[in-house]
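Student: Encoded as structure tokens, here's the structure I'll be asking about.
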Amino acid sequence: MPKREDIKKVLLIGSGPITIGQAAEFDFSGSQACRSLKEEGVQVVLVNSNPATIMTDPEMADSVYIEPLDARIVEKIIEKERPDGIIAGIGGQTGLNITSELAEMGVFEKYGVQILGTPVEAIKNTEDRELFKETMLRIGEKVPQSRAVHTLKEAEEVVEELGLPLIVRPAYTLGGAGGGIARTKEELLEITERGLRRSRISQVLIEESVLGWAEVEYEVMRDANDTCIVICNMENIDPMGVHTGESAVVAPSQTLTDAEHQMLRSASIKIIRALKIEGGCNIQYALKEGDYRIVEVNPRVSRSSALASKATGYPIARVTAKIAIGMALDEIINSVTKNTPASFEPALDYVITKIPRWPFDKFVTADKTLTTAMKSTGEIMAIGRTMEESLLKAFKSLDIDSQLGNKRWDEHEVKTLLKTPTSERLFVIFHALERGMSVKEIAELTSINPFFISKIKKIVEMEKRIRTEELTSELLREVKKLGFPDTRLAELTGKTREQISDLRHDAGILATFKMVDTCAAEFQAATPYYYSTYEDTCETNPTDRKKILILGAGPIRIGQGIEFDYCTVHAVTALREEGIETHIINNNPETVSTDFDTSDKLFFEPLTMEYVMNVIERERPDGVLVQFGGQTSVNLALPLKKELKRRTDLDTMIMGTDPEDMDLAEDREKFYVLMQKFGILQPEGGYATSQHEAIEVAQRIGFPVLVRPSYVLGGRAMEIVYDEIDLERYMKEAVRVSPEHPILIDDFLEGACEIDVDAVCDRKDVLIGAIMEHIEEAGVHSGDSACVIPPQSLSEDVLAQVRDYTRKIALGLRVKGLINIQMAEKGGKVFVLEANPRSSRTIPFVSKAVGLPLAKIAARVIAGHSLKEMGYTDEPKPKHVSIKEVLLPFDKLPGADPVLGPEMKSTGEVMGIDYDFGRAYYKAELAADNLLPLTGKVFLSIRNADKPELVEVARKLQAAGLELMGTRGTVNYLAQHGVFMDTVKKVHDGSPNVIDMMRRDEVDLIINTPTSKQSRRDGSRIRRAAVDFKVPYITTIQAASAAAAAIETMKKGEDLTIKSINEYHKEMGL
């Protein structure tokens, strides 16, 4: 069936901000779908609220709307653009939910829009838990016994029917949000209440437990001709009871018998046919001794399909998009081999391992147990010839400190941790085997297949040999083949990494590279995608062209998000446009940078010195770029420079800003000297290596002070400390964070306005991309604060000072490429807080707001062009207001207090654009799922320091027609200023208090600013309840003031502007 000629214009819905359960995989699949449709001559209209994505670049689609993913707004875009069809399954759960809502609202009928690919019926039959169960039973497939419920009373009845434990799965939610495992009746009611609130149709499925069964996934594809193929099968190392996004996963499955594989393969094809899904789909099974149950079907591109795409090299999203416009699998050419049709099933001659990356280093109080609801923010993937090699490379890729076996647990802890799955379980298995526990005992405690435990045992036994035997070249060859990195060998033998590396080279033990080609080398591949191993033949052939290697950003985690992948992709694109051969090394399967056709060569490897050097030794690039991959690649800059200097046989150099200059900016003392030279103000500060010194410095500066370790990303272990007791507690916890670095103590500029600047420098001129004014005050991490372009309250004098400082610092640090500078303004004076001569997390937002691709411009500067010759000298002046707001993951992390501070907590971001601040801020909050109410009740409970600013906020809210209520202190204070409202009991004074009111849906907005740590308990319970009951909440007075301004604007009845980013840029003359 050739492409449909009646489909000329297609609307694609993106997935919105990165959140737990929905990470960068949808940018990767969305970008692939956009390109796939454009190849077929179809016009693409894209809507997504997340500016940090490649898919929202103006050139990716014919019209790009960065607007809230809200059904009413998408309807306005449909009214304006009149697309012929819409593809729902590319934007993850968000895309499916909005498509279902629009269908229910009758929008598609009204405007004659067809749903392409998977029909709404199929979405309903998979997402509505009751319909799904009926469909499966109708075709004779087995599902766990279950019942869909809509009330707590119905949930109680299920306990009588099915007994405990039970699994709760809400309908239409993401990453298992709101679900969980209930082992008692109380737990069941608590999880069900949470799940009913989360579900779009207030429905949860309560099902019998298949805990301990193996979890296996099949990635399947079907076209309108009913041709079906199985792309990949994957096996979770963790058994059922842990969400697949939380489990370590291997592909292809390792423990299935051929009979089991054929049984599940046949079931998969039967299911996708029965559901009439067109495109890619993911089916999850529980398997036990030849018996199976179907757990769920995702009728869309998912996190698992991104993994399957990278594991096999098969571009699932690209093919799905072509099927949606009527093409058949045998008409679509496999873009990796360029000569086989997409109907050929991929074959693998290697093993991949995926391990999630969790944010528990940021949320110390959050519950670390892994359940059916996701908590991880990102993941890594590793490729090896054997299970052991793949697993060891995966551990190396995680970029966390828990090097194998460095953590110690006692016997009781080991048994507890094996029984309950946590983020450390794989490390605990290592430790248990080292202690002599048997494979059988560990398998019984964990329900993990003994096959996987025996593979880990093989690694543990090899470690014993390395410790006790002489490291001969035979043993070294054997351990490298097994996958041991040089750093681990150095630890086990008491040598340095360099010594191990030299031993290898002397013995001629060098890494070789194998190709991922979708067909186990049966056909010639056209798009090179490689992994390293230790075998005889090497499949990569270096060219003589000028080439540059770019280091990627690794797994998505808090503090290091998709923004750095965005910068990496832009740098690659710019260099390829210059005719330079460009290579990427990265290990994140969810991103655009690891797509098969982003770079000239892709190396799927851990981002460590050894693996980077392996690529350099083989390919001999002219230069390496480290400034685009965030802290991960910046941390490699100095060591890599030293290693390249040590290796006289290599001519490769680090391009862009010199690592020594990057280090100067990171080293507070050296940087302070530079600032003094330029006469630039900095907050008063000092550093300390002991508790005694810390107290002395803090007393000299005066409390409150901001304390942090040196060299950190995303403000880890950073805190505002108000008194000596607080400081003593911090010193006990923080000195562990970085033993060899002192702790920094700065004057905390209370009430200052924070400013961010992104710029490009070519060592002669400086291009300022934008000056951003933060909405939250200094003291909230810049990555967690909303910010606005252009600044709304900074005077011309202050802006002139900011521009002057930016130029001096960029030229003073000899920056070649990007630089981000954070400043704060207090009383008309500008203080510089820090400078980072590398890509920053605001680059994508700035690029979209002002229409300048800063990362591309920086890459061209590094390639040798000057800003002047490219015509980039003036700071852009947008006519519109752009606001970046963040997405906080508290709803997925029970137990964490939803409060902002100097340590970064957000996972993703959204953007609101309009012609005035009020409407832009309203859009940003709507996009961040924090809808500001225009009617209803607002609860206020504010710390004393914020009360003077509250009066104006309360007046605006009352004038807009909202009812106010608050706790006694706030009510009395406002009454003295002529604002009267109802009093509500404090939480610890008993009922009825605000939490009771939230439970009864009687509160529409919570404004609660936290007091000092000790008396936060009440506030913490209110904020936590707001998250659990899905009530919009605000925790800073600045955000409350911005919200009041937005509500005031919206009540004037002005419509929101619906315009594409292309139109906004056109108005700027771009």
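FYI, residue positions are counted from 1 along the chain as it appears here.
From the backbone N, Cα and C atoms, a Cβ is placed for every residue, glycine too.
What Swiss-Prot records for 1-399 is region 'Carboxyphosphate synthetic domain', and it gives sequence analysis as the kind of evidence. Here Swiss-Prot flags R129, R169, G175, G176, E208, V210, E215, G241, V242, H243, Q284, E296 as ATP 1 binding site, drawing on sequence analysis. Positions annotated as domain 'ATP-grasp 1' by Swiss-Prot: 133-325. Annotated Mn(2+) 1 binding site per Swiss-Prot: Q284, E296, in sequence order. Annotated Mn(2+) 2 binding site per Swiss-Prot: E296, N298, in sequence order, evidence recorded as sequence analysis. Taken from Swiss-Prot, the feature region 'Oligomerization domain' covers 400-540, and the record attributes it to sequence analysis. Look at Swiss-Prot and you will find 541-931 tagged as region 'Carbamoyl phosphate synthetic domain', backed by sequence analysis. Annotation comment: Swiss-Prot describes R708, D747, L749, E754, G779, V780, H781, S782, Q822, E834 as ATP 2 binding site. The Mn(2+) 4 binding site annotation in Swiss-Prot covers E834, N836, and the record cites sequence analysis as its basis. Per Swiss-Prot, the feature region 'Allosteric domain' maps to 932-1070; the stated evidence is sequence analysis.
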Student: For the binding-site residues E208, E215, E296, E834, work out the Cβ neighbour count at 10 Å and name the residue with the minimum.
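Tutor: Among the binding-site residues E208, E215, E296, E834, the lowest count of other Cβ atoms within 10 Å belongs to E834.
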Student: Residues with Cβ closer than 8 Å to the Cβ of V242 (ATP 1 binding site), same chain and 6+ apart in sequence?
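Tutor: Same-chain residues close to V242 (ATP 1 binding site) (Cβ under 8 Å, separated by 6 or more) are E215, N236, L370, T371, T372, P421.
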Student: If the ATP 2 binders are R708, D747, L749, E754, G779, V780, H781, S782, Q822, E834 per the record, what's the largest distance between their Cα atoms, in Å?
Tutor: 18
Student: According to DSSP, does R129 (ATP 1 binding site) sit in a helix, a strand, or coil?
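Tutor: For R129 (ATP 1 binding site) - judged by DSSP and reduced to three states - the answer is helix.
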Student: Starting from the Cα of E296 (Mn(2+) 1 binding site), work out which of the binding-site residues (E208, L749, H781, Q822, E834, N836) are within 10 Å.
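Tutor: None, since no candidate lies within 10 Å.
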Student: Under the DSSP assignment, what numbers of helix, strand and coil residues are found in the region 'Allosteric domain' (932-1070)?
Tutor: 72 helix, 19 strand, 48 coil
Student: Near Q284 (ATP 1 binding site), meaning Cα within 10 Å, which of N298, R708, H781, E834, N836 (binding-site residues)?
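Tutor: Checking each Cα against Q284 (ATP 1 binding site), the hits are N298.
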Student: Sorted by position, what residues of the same chain at least six away from N836 (Mn(2+) 4 binding site) have a C-beta under 8 A from it?
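Tutor: In sequence order, A665, I819, N820, I821 meet the Cβ cut-off.
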Student: Using a 10 Å radius around each Cβ and counting other Cβ atoms from all shown chains, which of the binding-site residues R129, R708, H781 yields the largest count?
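Tutor: Going through R129, R708, H781 one by one, the largest Cβ count within 10 Å is at R129.
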Student: Which has the fewest other Cβ atoms within 10 Å: N298, Q822, the binding-site residues listed?
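Tutor: Fewest other Cβ atoms within 10 Å, among the binding-site residues N298, Q822, is found for Q822.
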Student: Applying a 10 Å Cβ distance cut-off over all chains shown, what neighbour count does Q284 (ATP 1 binding site) have?
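Tutor: So the number of other Cβ atoms within 10 Å of Q284 (ATP 1 binding site) is 21.
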Student: Can you give me the Cα-Cα distance between N298 (Mn(2+) 2 binding site) and R129 (ATP 1 binding site) in Å, rounded to a whole number?
Tutor: 12
Student: Mean pLDDT across the region 'Allosteric domain' (932-1070), rounded to an integer, is what?
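Tutor: Mean pLDDT across the region 'Allosteric domain' (932-1070) comes out at 91.
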Student: Name the one residue among R129, E208, E834 whose Cα is closest in three-dimensional space to that of H781 (ATP 2 binding site); these are the binding-site residues.
Tutor: E834
Student: Please report the distance from the Cα of R129 (ATP 1 binding site) to the Cα of E834 (Mn(2+) 4 binding site), rounded to the nearest angstrom.
Tutor: 51
Student: Would you mind sorting out which of E208, R708, L749, G779, Q822 (the binding-site residues) have a C-alpha within 10 A of the one on E834 (Mn(2+) 4 binding site)?
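Tutor: Q822, listed in sequence order.
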Student: Return the residues near G779 (ATP 2 binding site), defined as same-chain residues 6+ apart in sequence whose C-beta is under 8 angstroms from its C-beta, sorted by sequence, else 'none'.
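Tutor: Counting only residues 6 or more apart in sequence, the Cβ neighbours of G779 (ATP 2 binding site) under 8 Å are L706, I720, F748, L749, E750, G901, P902.
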Student: In whole Å, how far does the CA atom of Q822 (ATP 2 binding site) lie from that of E208 (ATP 1 binding site)?
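Tutor: With the alpha carbons as reference points, the distance is 53 Å.
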